[in-house]
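See structure below.
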Amino acid sequence: MGRNGVKVIIRARPTAVFAQNQIHINQDENTIEIDVSDSKNETGPSNKKESWKFKFHQVLQNAGQDKVYEAIARDIVHGAITDGINGTIMAYGQTGAGKTFTMIGDTRNYQHRGIAPRAIAQVYQEVESRIEIETTIHVSYMEIYNDRIFNLLDPDDMEMHDYVVVEDAKGTYVRGLTQVEAPTEKDALDQLFKGELQRTVAEHQLNKRSNRSHCIFTFHISQKSRTGGNEHVIHSKLHLVDLAGSERLKKTMNDEDSKAHKSTIKKESMYINQSLTFLEQCIVALGSRDQRHIPYRQTKLTNVLKDSLGGNCNTLMFACIWGESKHIEETISTLKLAQRMMRVQNEATSIVETDPSILIKKYERQIKELKQELTMHDALVERTGVIYDEHTPEQKYELMRLVRAYTDAPTDDDFGILQLSSLRHIKELFRQFRLLLRNAESASPQALATRTSTSNASRENGSPAATLEEDEKLVGDAEDRGFVLGIAPNAAVPVSLEINKKDKSIRPDDTAAGLRDPSPVDLQSDEKVSNNEVKGGYDEEATEKNEAYKFYITTGPGKHTNIQLQDEKESLKQIREKLKDITSQLNATKTTIDNLKVQVNEKRTNRKSPKKEGKGTDADEVVDEEEFILMQKEREAKRDYRVLFDDLKESKSEYEFTQRSIELLRMRIVSDFEEWFREGGSQAKNGEMDGDQDKLDEGEKFDQMEIDRIRAQDPDSLAFFQAQKKMRQITSTSSNQRKLKR
Ligand SMILES: Nc1ncnc2c1ncn2[C@@H]1O[C@H](COP(=O)(O)OP(=O)(O)OP(=O)(O)O)[C@@H](O)[C@H]1O
């Protein structure tokens, strides 16, 4: 970041009749001196200025295309990719001075390729070398002709589309203009050459192929960290601008040919001169202290280049001159503008946006760390049982039990039942209270009445949780009543469990795994789901994705994880069976204990029966053998019960652990699959399946030989040759079509 001046390089095109008496170029000192006093002598002394001395960042004469590129252009491209700073490279000058040669070069000759193909090559080289950054490149190519914008990348769109220049947080852009994603160098070159074919060409006196429009090829670059280490997305643009000829109308109109198209040429020249004049005015305003009003909005050209001339940009201008004496006036005018351009200072900064997905990951990491810290803190102060994660269904159920116990408790002093430990805990308790209330409200008045009366009656009997006991018959753990298991009352079923039952396809973890419809949500729940079960709402894309997913987990890269998942599921099934078994044993043991308790109590009551009362013998206090055996059995049953209970606890935690690991494996499969699918894994799959398609026909074999040859000669030139070939094919197809039409 910092203030960068606009860089200006003068390029003088080769000519056999260079005006050496008038133009003195010093390439070492980067100066150009012009002296026109000789040519004015004939008309006598003049008070007009007749000599000038200009100094620029570089002055190049008879320089090759590679040297021109290395002179600063490479740095601007590097800045756009590496630092995310907008870059603009433009060519200014009179028609025929070499602007197009400089910017595009000769599309038929690799050695003479210009700045655009070289910049394209550099962009992709730099992208490839920065593997830690995920870069997305789109390109657009527009032409501004008579202050209208034309889309060079859409031939059908060449007819009148009044594109508007708009501005947002990412900068200035043309609304609706095609931006083609170009993942490779060849893709970008294809678009450049395609645009070249579309350029509006108007006959002109100075150059038959001259165009009377400004052309702007733009890279739109977005970069973000692949590792998620940084949530920022950096947006930058790189404009390559080939300006229309800057010569004055007077000169343009001197030509005989042009008289035939007088009005068209006049109109074109007016627009060109207007836009170049405003370009100059913007430049002057940017170079001055008072920058309150810079007339960007006056023309489409200045508006499009708004964030490339001033503000956030590295700017390089090639001022092309044609050093012949008949063009001396245009040369002086070009050099004057170039000199003014050098005064413009740019504040070069990158445009940074925030990627919400990375930000979420960052927050998740922070939350995890904070939770760990809290747990450590709790451990230090010996505080146990505090839950910082979402309550599991089992924990919710446990809380529901506490809430029921609390509401059925005889006094308000039983507040301790709720064991308040954290805000999350309190919130969950409230949730359970609400649930209880809603269930109570929706229950029939009779049931409510029965429940209330039973509850009251039991309170009167001094039995604190009669309803609870009834409702939760054989469910739960109560210290003096022993642990019982069975079917939970309907009201106690946590909401989340109900959701799971109703709609298997929507799971809380869908969000956790970052899945959105129509991602294979059904696949996450159970691989058993068949295609038939994939209900309406899934389009072809979803079906294709489902197919890809099946491949991914059966023979693709997800196979191994899927086997692990299936193993874990099998273990879960076994643990569930074991739990069922322990539960029924526990219930049986509980029944045995209760029966024994009843029998022991009966024996005890009989011993103390009225018949025996009053006798007061010690024998009454003596337990007979039968009672003793019953008591012993009861003790043994209780011992068995505890062992079973410990087993149950252990199996439950094993069950939870396995459940969690299943969820993790599912999430891993789904997220890995998403990434694999996004990166075109399914195409690779298709390729694998349709092996025969890989066989080359004769034409393809020839192409392959040609590619091998070019690659052996100069690997860097391959993309250029491929794009060039494509352009040739397009040209010959369109000329054949024209022939057919005739
Ligand atoms: N530096 C150079 N080396 C070799 N040839 C050049 C050079 N500069 C220009 N030319 C040749 O001069 C001719 C005119 O150049 P070019 O078309 O680039 O001019 P221009 O300034 O873009 O004109 P226009 O405004 O019409 O687009 C072309 O044939 C080009 O090959």
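A Cβ is built for glycine as well, from the same backbone N, Cα and C atoms used for every other residue.
Feature annotations, courtesy of TrEMBL:
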- G93, Q94, T95, G96, A97, G98, K99, T100: ATP binding site (BINDING)
- 444-461: compositional bias 'Polar residues' (COMPBIAS)
- 5-344: domain 'Kinesin motor' (DOMAIN)
- 444-472: region 'Disordered' (REGION)
- 507-532: region 'Disordered' (REGION)
- 600-620: region 'Disordered' (REGION)
* Asked: Which of the three DSSP-derived classes (helix, strand, coil) applies to G98 (ATP binding site)?
  -> coil
* Structure fact -> Those binding-site residues among Q94, K99, T100 lining ligand 1, judged by a Cβ under 6 Å from any of its atoms, are K99, T100
* Which one of the binding-site residues (G93, G96, G98) has its C-beta surrounded by the most other C-beta atoms within 10 angstroms? -> G93
* Asked: Within 10 Å of the Cβ of Q94 (ATP binding site), how many other Cβ atoms are there?
  -> 23
* Structure fact -> Cβ-Cβ distance under 8 Å, sequence separation of 6 or more, same chain as A97 (ATP binding site); the residues meeting this, in order, are R13, G245, C320, I321, W322, H327, E330, T334
* **Around the Cβ of T100 (ATP binding site), the count of other Cβ atoms that are within 10 Å** => 23
* Structure fact -> Across every protein chain in view, the count of C-beta atoms other than its own within 10 A of the C-beta of K99 (ATP binding site) is 28
* T95 (ATP binding site) has how many other Cβ neighbours within 10 Å of its own Cβ? -> 24
